[in-house]
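J.: Sharing a structure, written as structure tokens. Questions coming.
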Amino acid sequence: MTAEQRRNLHAFGDYVRKTLDPTFILSYMAPWFRDDEVQHIQAEKNNKGPTEAASLFLQFLLELQEEGWFRGFLDALNQAGYCGLCEAIESWDFQKIEKLEEYRSLLRRLQPEFKTTINPKDILPEIAECLISQECEEILQICSSKGLMAGAEKMVECLLRSDKENWPKTLKLALEKEESRFSELWMVDKGAEDVKMKDLEDDEMKTCDVQIFYKEEPENQNLSQNSCSSSAPHTYSPLKPRKYQLELALPAQNGKNTIICAPTGCGKTFVSLLICEHHLKKFPRGRKGKVVFFAIQLPVYEQQKSVFSKHFERLGYKVAGISGATSDTVCVEQIVENSDIIILTPQILVNCLTNGTIPSLSVFTLMIFDECHNTSKQHPYNVIMFSYLDRKLGGSSDSLPQVIGLTASVGVGDAKNKAEATEYICKLCASLDTSVIATVRDNLEELEEVVYKPQKFFRKVELRTTDRFKCIISQLMMEIESLAKSIFEELGTITLGGLFQIQNSNFGTQKYEQWIVKVQKECAVFQMPDKDKESRICKALFSYMSHLRIYNDALIINEHARMKDALDYLKDFFRNIRAAGFDEIEQDLTQRFEEKLQELESISIDPSNENPKLRDLCFILQEEYHLNPETRTILFVKTRALVDALKKWIKENPKLSFLKPSILTGRGKTNQNIGMTLPAQKCVLDTFRTDKDNKILITTSVADEGIDIAQCNLVILYEYVGNVIKMIQTRGRGRARGSKCFLLTANADLIDKEKMNMYKEEMMNGAILILQTWDEAVFKEKIHQIQIREKIIRDNQGKPEPVPDKKTKKLLCKKCKAFACYTADIRMVEKCHFTVVGDAFRERFVSKLHPKPKSFGNIEKRAKIYCARPDCSHDWGIYVRYKAFEMPFIKIESFVVEDIATGVQTVHAKWKDFNFEKLSFDAAEMAGGAQDLGLQGMGN
């Protein structure tokens, strides 16, 4: 080891202390460390933590004089899994680790919410690559011995020390996969124009635009006349379609763009198979069709990929699928080219159209949109159709694919009458460029034998006359709000958007929870000059907001279930808080709860506090099972906490325990409520289908989204109402002959809303009938006019491009402030890459062979470039071969921009945020400058 290396290791010691747990590499350092030193380091970790242990380790390390210890240290880091730290020390470039600091800071301030929201066991497999193997084992051990909150705290501690540059994004993907509400707060974002540069730089291919839309998952049930249970093993055989399914498929098989609107449970998935098979077989020899089927959610994507594969691979067609979970590891262009049928989540195609991986929609001959009622606003479906309609209205000579939409309800939006409903449906048809709405008309009798429409009943019930439980919890919430207010007063003029705009009367509502989430998001991004104070304030506010959210949940449970269930929910939360090891704020909040606990216990067991809603629900269930002991029931509720509470109530109620309830919830997680995996959902449904003793299924909205559920003759909506589309879905669960559907609520407005939904359904059906009587040419002209109008609006709504700033500015190295180039020398390549022309710039950087050389289109990535100053070596970008030229591609995030006239300096994370005159690359400017990189000392 040289003296310079020793000095550097001492200088960069803070990075080692913040990252390394030395106990994980001590076994690899045995040749250099004495036993007493090893024991001293281990004791330091046990007593003071890994940072102090790393400091002691570094002290011993720098005192070593034996030959080879530095190489041994690097090898130990590699073997233990500290690859990022090892790479940084080898190159003395800690920029990648430094860039993680903003995410560490964000995670520190989000820690209170993380530990109350996340189940570490569920996301650990997804993020294990970002941790050391021993850390994963420690997290699991703590989960088992101390509980999930303590395990989540340990996971945060480990992530804060991770040296893996991709851990923030890996965590984001894991949270999204588990549909965790925490993912809304974990903000890891990249602009669309920068994605391509990142593709070249980091081999990442994702954008992260998250929007929430209503979804109806495709059903497997009633696919055909010889359909069988999804749980029964069988060899796939061709299915025989029903007459109404052939009727639904006919317009599409005749080549017309069509919306297929048919009830849940009738087998729309099977109809899409019929259309797809007919489409592929119609092409003459020498030509081939190419179908893309869009599914919005990952479970639906997986289900449809399986269904299409089983049906079409026996016919010799190649079926492939690409989702957000797989797009990083596959070549989208190649899969699309080599497959006959591609199942996609729609954002994948949006990304590919944006970056040019797929040049246009003309590569497809048929597009099928599942849940097509979502084709509005900025939903990926609509973005895809914008591209389609721009080509159509622009007179492109390229052939466009046939378009098919599938839905149980087209909806009517805010329509007040049949004319407005007709206009709304026409707009949906215009968005999908469809001139036919296919419904079952000639074979209604057969459809009604498959899908029965239940009778609808409304039950208005009363609330408790007095609610002491709510009064006590509301008082605790007001105290917490006061504590939070004192934090805001400490901030002085700095505010986060007005904490106290929500009145106490909103406790126990969804509106109050939305406000909590809003405050948490604002806390996550606000900044102060004093970073320690900023961290302390953010952490305190997150603790207060987390407790307010739990109390809010408890009030909702109390309103709709037993006080006992709400109290149990709170006790579970505080039990987990204690097991996790709480700070002073949490100790104070826990003490406040415990002071009221005895009174809450007494109130919760008082029979006079029984919930009138449960009394009425018990009466309905007893009455229906008395009339028909074979009744099968689905009970819809709003939240997972209510699912658990009502299950406990039924099991503990001697009048209802014979129902043997099972539960079905979604895959995401909220607070203490753990979501169900896809296999767990299937297991519940199979049991409900086959076990006659299991008479009631309690579920959230997941069951109105097309999951394959056995026929039921009783549907109960317990304070559960949505829009007209959701109403049709939930009602569709009552499929048995003679079915009944009850809406049970204490809120008269919900009954009015459901009646309005029924009226809107009539309007929708009437509007569809009107449109089906229109002459097709008239209908086409109508939607064409809508398309033209919408395109004009869309074009005019585009953000105006800022006037380019033509003043010349300097780019300085962000690390050492060395001069790099002038903006006048920067040229834009393919709209998203930026190079610098002129030989002078080549003297200001050095290069090293790229560890992952790769080609993308016209670009071959060859080397990394760094600031030429020996004491800097800051990462500036990459060196590429573009067509016939060798050139650098620089990253604006690596530089400081200085205004020559004023001396003002600014930084920009993305090129699109930097306003200057962006001149396009001209090959003539490269004359004489296209020397090979090897002449400049490749490998410097």
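Glycine is treated like the rest: Cβ placed from N, Cα and C.
Note that the structure is predicted; figures quoted are calculated from it, not measured.
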J.: Which stretch, out of 134-137, 370-373, 546-549, is listed as motif 'DECH box' by Swiss-Prot?
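T.: When 134-137, 370-373, 546-549 are checked in Swiss-Prot, motif 'DECH box' belongs to 370-373.
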J.: Looking only at Pro263, Gly265, Gly267, which of these binding-site residues has the biggest number of Cβ atoms within 10 Å around its Cβ?
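T.: Max Cβ neighbours within 10 Å, all protein chains included: Gly267.
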J.: Compute the C-alpha separation of Lys268 (ATP binding site) from Thr773 (phosphothreonine), stating it in Å without decimals.
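T.: Checking the Cα atoms of Lys268 (ATP binding site) and Thr773 (phosphothreonine) gives a distance of 23 Å.
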J.: Out of Thr264, Thr269, Thr773, which of the recorded positions has the smallest number of neighbouring Cβ atoms within 10 Å?
T.: Thr773
J.: From the Cα of Thr773 (phosphothreonine) across to the Cα of Gly267 (ATP binding site), what is the distance in angstrom?
T.: 25
J.: Could you give the number of helix, strand and coil residues in the domain 'CARD 2' (92-172) as assigned by DSSP?
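T.: With helix first, then strand, then coil, the domain 'CARD 2' (92-172) has 66 helix, 0 strand, 15 coil.
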J.: Round to the nearest Å and give the CA-to-CA distance linking Thr773 (phosphothreonine) with Thr264 (ATP binding site).
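T.: Their Cα atoms are separated by 25 Å.
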J.: For the binding-site residues Ala262, Cys266, which Cβ has the most other Cβ atoms within 10 Å, all shown protein chains included?
T.: Cys266
J.: Count the other Cβ atoms sitting within 10 Å of the Cβ of Lys268 (ATP binding site), across every protein chain shown.
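T.: Total other Cβ atoms inside 10 Å, all chains included: 26.
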